[in-house]
Amino acid sequence: MGENVWHKIQYVYSTCLLIFSSVIVMALIFSENTKVAADVHPAFAFVLIWVALIWLSMVEGGQASLVGLPPIDRDLYKESHPITHQICEIAHKGDNLNRYLMGRQFMVLALVFTTNMCGAPLENADVLGLPTIVNKIFLDSGMAMFFMAAMIGQLAAQVNASRCMLDYINTHFMTFTLYVANAIEASGLLHASYLIQSIFGLLGSPTESFEPPRTGMTLVLHWARVAMSVAILAFAFAVTLSALFQGKTTMWESVPGFAAVILFFVFMSIVGMLEGMQIAFFAVAKMTPEERATRPWAKRTCDLLFGGSGRNLPGFMVGRQMCVTLCFFIIARVTTVKLEDGETNIFGVSNQLQEFFNTGLLGAIITTIVGSITWQLAASAFPLAFLSTPITYVLLRVCLFLEATGLCSGSWVIAKIHKAFAHFKFDEVYVGTAEERAAKKHKDGDYNVKPGHMYPGVPVMPPTTEYKFTLNEIDTLQAELKEHKQEIEERIRQLENQRLRLTSGAPPEQKDKTDNV
């Protein structure tokens, strides 16, 4: 009972933090105290930040659904969820899921950077007459934007999508998101990642592709895009590092240039470790205890992760997302170029190109490739080695601590409101549990980490540990099954009425009367 009360207290104060953060960010925008609001118009900044947050929620929720659905036989939801089925037919073909996740990774960074430009305060911004200390905590530090992005754009989406995968992506909004992510990957912007993938292959972990080897012109175009991507990445590094050393970014003025560069690489490394840990955890969970025991730190880390009565695993996922999002906003502040009046453009480029530098997208490219995808590929290639350092253990402890604070518990409130509004139901309502599917000759497929791939992205409990429903989840599932049963019975009644009309020769004008009997 005491624990339940504590969770309710966390929901309340976290939701209050979210509401307060949202109010002061909107006040910043309408007082023209953010970059986009000042340079364009407050109304544009208002619309853009909410579009970015809503799209971010689909990108994050879409990942959870697409990564979780491959083991389930698609024929089970072909009729009930036609859009989800169509999306999975595309995303789960060959290496397409890997392509989606690569494009999706850039989308997350781009959307976070966009919300930062729309909602981050300009220098010496002051709104609603708040005390200086409150401004420093929520505005200058970026915590207000962090709470909005983490709870609205990421965690709430992941909460719903992890249990309602079928309903969550059964919309053409997800179809559009899938196409955009695939287009980003196809553009070659991130193809430097494939060079890194090949390097890991040469180091002893060859990529296990689901497609035949590239040949002829396809091979030539692939490596041409790799070369283009490497050139873009090198240019992005040159611009960003030059701006950092010259103090021409939105980094806090008190931080000298060399320290900003160090922080840039430190926070990118933290993001990379956290991105790779979830893949490494999944891979190591499939290993035997004896295999894990060969690496003391890996064993210690896994024992902690899969302990805590099963609560440490979801706790890590929540804390990891909090930590990654916070690092994203710090990286956005570190890498976004900003010139004071009278300062010369970076490398003497034109004003138009300098404006592009100022968007921070170059920093997003660097973070996507070097601070995220590279580490995920390393974790999938060498999972046990990835976890065999005290750094992963420390980061796991940090993530569990962040989750325990309850600072982002408001995401569960947002998720519950969204679930009710969108009428999401647990996947078990439509396709049953894994045991029920197996009994009906629809056993889930094997789904292991493949070297050179960035999925599965969500770790699972070890094979010896069965998932156990909480009391609240059982009550929810019972209610949803009863509701679904009523819907099915109503549909059967309508079909029976149609059948009676056809066999009795009832005229069309009696249709409505018959249906309402």
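Backbone N, Cα and C define each Cβ position, glycine as well.
Features of the protein shown, as given by TrEMBL:
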TRANSMEM  12-30  transmembrane segment
TRANSMEM  106-122  transmembrane segment
TRANSMEM  137-157  transmembrane segment
TRANSMEM  178-203  transmembrane segment
TRANSMEM  223-245  transmembrane segment
TRANSMEM  257-285  transmembrane segment
TRANSMEM  313-335  transmembrane segment
TRANSMEM  356-378  transmembrane segment
TRANSMEM  390-415  transmembrane segment
REGION    496-517  region 'Disordered'
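The highest tally of CB pairs under 8 A with the transmembrane segment (178-203), across 137-157, 223-245, 257-285, 356-378, is held by 223-245. Between the transmembrane segment (137-157) and the transmembrane segment (12-30) there are at least 3 Cβ pairs closer than 8 Å, counting only pairs 6 or more residues apart in sequence, which means the two stretches are in contact.
Counting Cβ pairs under 8 Å to the transmembrane segment (313-335), the top-ranked stretch among 12-30, 223-245, 257-285, 356-378 is 257-285.
Within the same chain, residues 187-195, 251, 257-258, 260-261, 264, 334-335, 337, 346-347, 357, 362-363, 365-366, 369-370 sit at least 6 positions outside the transmembrane segment (223-245) and bring their C-beta atoms closer than 8 Å to a C-beta of that stretch.
Comparison of 106-122, 356-378, 390-415 by number of C-beta pairs under 8 angstroms to the transmembrane segment (12-30) places 390-415 first. Contact between the transmembrane segment (106-122) and the transmembrane segment (390-415) is not supported, since fewer than 3 Cβ pairs fall under 8 Å when only residues 6 or more apart in sequence are counted.
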